[in-house]
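S.K.: Below are the structure tokens for one structure; questions will follow.
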Amino acid sequence: MANRLQRGDRSRLLLLLCIFLGTLRGFRARQIRYSVPEETEKGSFVGNISKDLGLEPRELAKRGVRIVSRGKTQLFAVNPRSGSLITAGRIDREELCETVSSCFLNMELLVEDTLKIYGVEVEIIDINDNAPSFQEDEVEIKVSEHAIPGARFALPNARDPDVGVNSLQSYQLSPNNYFSLQLRGRTDGAKNPELVLEGSLDREKEAAHLLLLTALDGGDPIRKGAVPIRVVVLDVNDHIPMFTQSVYRVSVPENISSGTRVLMVNATDPDEGINGEVMYSFRNMESKASEIFQLDSQTGEVQVRGSLDFEKYRFYEMEIQGQDGGGLFTTTTMLITVVDVNDNAPEITITSSINSILENSPPGTVIALLNVQDQDSGENGQVSCFIPNHLPFKLEKTYGNYYKLITSRVLDRELVQSYNITLTATDQGSPPLSAETHVWLNVADDNDNPPVFPHSSYSAYIPENNPRGASIFSVTALDPDSKQNALVTYSLTDDTVQGVPLSSYVSINSNTGVLYALQSFDYEQFRDLELRVIARDSGDPPLSSNVSLSLFVLDQNDNAPEILYPALPTDGSTGVELAPRSAEPGYLVTKVVAVDKDSGQNAWLSYRLLKASEPGLFAVGEHTGEVRTARALLDRDALKQSLVVAVQDHGQPPLSATVTLTVAVADSIPEVLADLGSLESLANSETSDLSLYLVVAVAAVSCIFLVFVIVLLALRLWRWHKSRLLQASEGGLAGMPTSHFVGVDGVQAFLQTYSHEVSLIADSQKSHLIFPQPNYGDTLISQESCEKSEPLLIAEDSAIILGKCDPTSNQQAPPNTDWRFSQAQRPGTSGSQNGDDTGTWPNNQFDTEMLQAMILASASEAADGSSTLGGGAGTMGLSARYGPQFTLQHVPDYRQNVYIPGSNATLTNAAGKRDGKAPAGGNGNKKKSGKKEKK
């Protein structure tokens, strides 16, 4: 059982040994060793770096291979052309390593592109460039003449900074009869020379002896140094001073303050007087120790006068001499050990770093390479390095005391744009010391964010009739990226509206996102537009986002109310509404119907009576437009009532339209016709003066034109007569070409072409000049033209029709109570209310409309000599052009209550033949047109 356990332990040890060797091999694989003698010239070859790194020489500069040195002086350099490591200056091994036997310089080789560190160790080989030397120029030794043979006297030590065989190897004493040389070993391996008395001295024979001490090294060639020694023979001094200890040992902390006592040596001499007084001094003291320690020659107290540094000198060995007044002395050794204290804080050196890193770089990206050193030893020199935990970075130890700072996760510039990384190094001393350094890192932007609109959708409003180029709305998209990646441009999608490209309606400023109208919008055409605004950044590749924008057109009060009923006829005539004199207050006469193309309150319509020939007789519904009687009709109320109705919307500013209504007030049709004659005579008197002026003006123009024609004709005849005379005198001449002037017939045609007609009607305030119209004033009206006259409406007492037609047309037709119309002239129904027993009121809408037209026409033709109205009061003739000029397909029938009492005429829809001969209308009224009533 025990054997098995031993075998298992051996197997484990073997496995651990293999692992250790593998690790050691991997460690050493990155360690490069070279050697170079000291004092070589600058640029001397040290080693082939490119070969040891496995790179071509031209790759060294490309990959950023460089030496990382912690010292102030760069002793080596890399030759990029040859790929060699060369010396960069003077190398003195004694200055670098002093008395250390093996001198190694360590440096690191950094490959920038991979951030790999390679250790390079260069051994400085010593050469024999220093000869042994003594500190004293001359040494004096006092020896009593009673000194017995074998007495030893200390001699000064020589110093050689070289090491090894080149260091101090031996001493030689010049030949003499009294003294010899012996070497005594020291604890550090060095040897002190001593002078040994070989025979008795006689002061009386020779008071002093001169000797030469020579020190030799082992170099090739051998170097040596010498110091003269003068031995003075003294009178009798029986006792030699004796130190209490042969060796004094003391440990001193390196941070001991200056002036502190280290120890006190003491030597006693039993002699009396001056021979018993001991004086203390250092012997063979090195210069470095003499700068730090001092010895009180009277008391033997050793003090510190300089500063100790464990990192430079850890141990001092000094020899102290005690000499009495008679010249006898003795020596002792003082060993001072410097104790390390944690007086050096760690040092952090940034070997390589980058100041910017692209966001979204993968974790593990190297940010910096740093080296941590502590000059202390032991735990005081053990250093740990760390960074704050909340940062997205971490430290990894690579080679020796090197660390690399890497990212631990993906960085986001939009969250943090830069980092101030604090690197802290702390040793394990008591108390621990620490050092800090900072690495500034900027996060470079990557186009990883599209533009973002603050809202998911937008609504914009623009009033209609806007000016072109008007600013409608402004959208803004934010891109959290920076620089070009955050430069946003705006555009619209390629859509169509009612088959028209969207770009013809609106445009957007690509830089500001302001939306502009390219044309004036009309609310009545379309009321809204759906747009999609695209925001695109300038990154590579560009990122974009879009948002919907609803553009609503706001209605403006740009349409005045449009009156549908009563419609304005194209020939300028007006319709007539009928109101019976027996109508009660509130009787519905007609209704004004209007619409407004706008919407909302811009389309709310109000009706009001703007003007009336008889104020207070009629009223208009504010919201309905119904025209009703406001009071009972009186006999004194005029037959013809004119009303001006205004229709106004509620827009800002309000728009309005007006319509003129003519209302005939009568109880019977004969009464209506009788009153119309008197009305026309009044109108005739009002316009007689104006008509006279117009006739005079036309006559004057005609006379001037006639004179012009006569002159033109005379000139033409004169030229014609002259040409005939020329033809008679020159019979051989060829015929003249046809003249370009017209003859008499042409003049007649000219006159016919430029003739004019003055048409004066009773209700017109101006004359109508009709051009061009042939003048047939000099011809008779044919029977055919009479037969083509317009149909007449014959009442019970028909008048004789004036004209130039057949006399049979002047015969009066027998009385008939039936009104007869052609199908094209049949009036519509204006009401269904019957009159009295003597007549029948029209019972359909079209009859009533025709009746209204006839009443207005009769009033217009009263003053015309060729009027078809004449004879009795019960006779009336109307041209077919005075028929209804409006349609009521959009207007409900509000005229069913129209009633004219006292009429003895009966209207019928029958299209039967008229009793008696059909009357024929005169041709004189063919060119006359009824005019609208003036207020």
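Even glycines carry a Cβ here, placed using N, Cα and C.
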S.K.: Of the residues ASN420, ASN904, which is given the N-linked glycosylation site tag by Swiss-Prot?
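M.R.: Record annotation (Swiss-Prot, N-linked glycosylation site): ASN420.
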S.K.: Among the glycosylation sites ASN48, ASN255, ASN420, ASN546, which residue has its Cβ surrounded by the fewest other Cβ atoms within 10 Å?
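M.R.: With the glycosylation sites ASN48, ASN255, ASN420, ASN546, fewest surrounding Cβ atoms within 10 Å: ASN420.
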S.K.: Can you tell me which of the glycosylation sites ASN48, ASN255, ASN420 is spatially closest to ASN266 (N-linked glycosylation site)? Compare CA atoms only.
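M.R.: Nearest by Cα distance to ASN266 (N-linked glycosylation site): ASN255.
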S.K.: Any idea what the Cα distance is from ASN255 (N-linked glycosylation site) over to ASN546 (N-linked glycosylation site), rounded to a whole Å?
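M.R.: ASN255 (N-linked glycosylation site) and ASN546 (N-linked glycosylation site) have their Cα atoms 72 Å apart.
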S.K.: On the 0 to 100 scale, where does the mean pLDDT of the domain 'Cadherin 3' (244-348) fall?
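M.R.: Mean model confidence (pLDDT) across the domain 'Cadherin 3' (244-348) is 89.
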S.K.: For ASN48 (N-linked glycosylation site) and ASN420 (N-linked glycosylation site), determine the Cα separation and express it in whole Å.
M.R.: 40
S.K.: What are the DSSP helix, strand and coil residue counts for the domain 'Cadherin 3' (244-348)?
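M.R.: Split by secondary structure, the domain 'Cadherin 3' (244-348) comes out as 8 helix, 47 strand, 50 coil.
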S.K.: Between ASN420 (N-linked glycosylation site) and ASN546 (N-linked glycosylation site), how far is it from one CA atom to the other, in Å?
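M.R.: Cα-Cα, rounded: 37 Å.
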